[in-house]
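First up is the structure itself, then whatever we jot down about it.
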Amino acid sequence: MRRVSIFGATGSIGQNTLDLIRRDRTSYDVVALTGGANIPQLAHDAIDLGAEIAVTAYPNRLEDLRAALSGTGIEAAAGAEAIADAAARPADWVMSAIVGAAGLEPGLIAMSTGATLALANKESLVTAGDLVHRTAAKHGTEILPVDSEHSAVFQGLIGEDIASVERITITASGGAFRDWPLEEMAKATPEQAATHPNWDMGQRITIDSASMFNKALEVIETKEFFGVAPRQIEVLVHPESLVHALVGFNDGALMAHVGPPDMRHAIGFALHYPDRKDLPVERLDLARIGQLTFKAPNPDRYPALRLAWDVMEIGGMAGCIFNAAKEKALDAFIDHQIGFLDMADVVEATLNKLAADSCLINAEMTLDTVKQTDHLARKTATEIIATRG
Ligand code: NAD
Ligand code: MG
């Protein structure tokens, strides 16, 4: 029996993870499940899978969670500290699938117990890549990528020498507005941005896909995960979302990972690694699909993408600032305070303002300094948003 915990269990990645666990219940012992406001889902899954503890991020929902779990013997808890405590419970495999920078701390704590970390929360590596790597090295923890592109690259690198890698290409669907005129994109609503042509994901990552902030985060994640130079990373628009990434080697070979747009592949790969096991995903019929198309992203349509290379060049805390400003800009867009294309302006202005402070950028990276920088970047972005409202 493997002991597993799922952070962000009620979300899109979390539910896909539970789907795989349910198909093979006898192999897993569920330790902790965490969620947010969806108490019925959290309680249902905790009872169904016999979890030790269920935690909601919201302290004001603790009573609801307790009521939903009463008589089951399952512990109920609430708040960020309770999530951190749950991450300290011994487990063999932990899924990090909370959305946003809030996912960093539980992941670090889980790693420090020695659990294998299945990392969907890309914000962890963007915000504090150095700290994540140091924590993993200190405790001998394995980190397995769950982002589909990074899982694809990871699979393409098995048995290879990273020194023979020339480039890593990650693909982007182009998001909800890939065929819209630029003037229309400026007027796009959160509701329009929250529909994805190929993938079924949480609201925030879906909007980030339309703006390509998601791809910008993934470019930085690629650098942090595989240790390649920024100039070795490339993004290709691939509307079919079937080739997830390509690894280019120094002999001219390109290894492409092709698979259906179903996160259960990447999650299942991380769950069963180093083995491969049968997964309930579609088998692609390439003859029926007929053709795959690729094109270079148009920088005018996706200003967020360019910022990824700025962030990597600045280094240090720039990723933390970038992510925190992006989270604030996204909140403001969802609240109809700023337009779709304003998000990149807000993030760039925040980055420019704070990157001028070299003490801030080059501060020693600890959980405390990361939290302080994250807080400052959110405050700065909020001020910049206010001047635009
Ligand atoms: P989601 O919005 O569907 O779910 C997010 C989960 O996090 C929920 O359980 C929610 O309750 C919880 N949560 C939200 N805010 C929280 C907070 N402040 N503290 C604690 N818990 C909180 O998101 P998702 O689409 O499942 O994405 C989760 C992570 O995985 C993100 O980092 C995303 O970028 C990454 N990811 C998602 C996909 C996908 O297909 N959905 C693909 C690749 C990577
Ligand atoms: Mg991805």
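Using N, Cα and C of the backbone, Cβ positions are placed for all residues, glycine too.
In TrEMBL, annotation is done automatically, which means it is predicted and not curated.
Summarising the annotation, TrEMBL assigns NADPH binding site to THR10, GLY11, SER12, ILE13, GLY36, ASN38, ASN121, GLU123, GLY202. Note: GLY202 (NADPH binding site) has non-local neighbours GLY11, SER12, ILE13, VAL99, i.e. same-chain residues 6+ apart with C-beta under 8 A of its own C-beta. DSSP classifies GLY202 (NADPH binding site) as coil under the three-state reduction.
For LYS122, SER148, GLU149, SER173, HIS196, SER209, ASN214, LYS215, GLU218, the entry in TrEMBL reads 1-deoxy-D-xylulose 5-phosphate binding site. For GLU149 (1-deoxy-D-xylulose 5-phosphate binding site), the Cβ neighbour count at a 10 Å cut-off comes to 27, with all displayed protein chains included.
A C-beta separation below 8 Å, combined with a sequence spacing of at least six in one chain, links ASP147 (Mn(2+) binding site) to LEU119, ALA120, LYS122, GLU218, GLU221, ALA266. Taken from TrEMBL, the feature Mn(2+) binding site covers ASP147, GLU149, GLU218.
Taken through DSSP, the domain '1-deoxy-D-xylulose 5-phosphate reductoisomerase N-terminal' (4-129) splits into 64 helix, 28 strand, 34 coil. Here TrEMBL flags 4-129 as domain '1-deoxy-D-xylulose 5-phosphate reductoisomerase N-terminal'.
Counting residues of the domain '1-deoxy-D-xylulose 5-phosphate reductoisomerase C-terminal' (143-226) by DSSP class, helix then strand then coil, yields 45 helix, 11 strand, 28 coil. As annotated by TrEMBL, domain '1-deoxy-D-xylulose 5-phosphate reductoisomerase C-terminal' applies to 143-226.
Residues of the domain 'DXP reductoisomerase C-terminal' (259-379) grouped by DSSP class, helix first, strand second and coil last, total 73 helix, 1 strand, 47 coil. Marked as domain 'DXP reductoisomerase C-terminal' by TrEMBL: 259-379.
Recorded residues THR10 (NADPH binding site) and ASN214 (1-deoxy-D-xylulose 5-phosphate binding site) have their alpha carbons 21 Å apart, per Cα-Cα distance. Annotated Mn(2+) site ASP147, GLU149, GLU218; additional same-chain residues within 8 Å of its Cβ mean position, judged by their own Cβ, are LYS122, PRO145, SER148, HIS150, ILE170, LYS215, LEU217, GLU221, THR222, HIS244, ALA245. Working note on the binding-site residues THR10, SER12, ASN121, ASN214: by count of other C-beta atoms within 10 Å of each C-beta, ASN121 ranks first. The distance from the Cα of HIS196 (1-deoxy-D-xylulose 5-phosphate binding site) to the Cα of ASN121 (NADPH binding site) comes to 19 Å.
Annotation for the binding-site residues LYS122, HIS196: lowest Cβ count within 10 Å of the residue's own Cβ, HIS196.
Mean predicted confidence for the domain '1-deoxy-D-xylulose 5-phosphate reductoisomerase C-terminal' (143-226): the pLDDT average there is 95.
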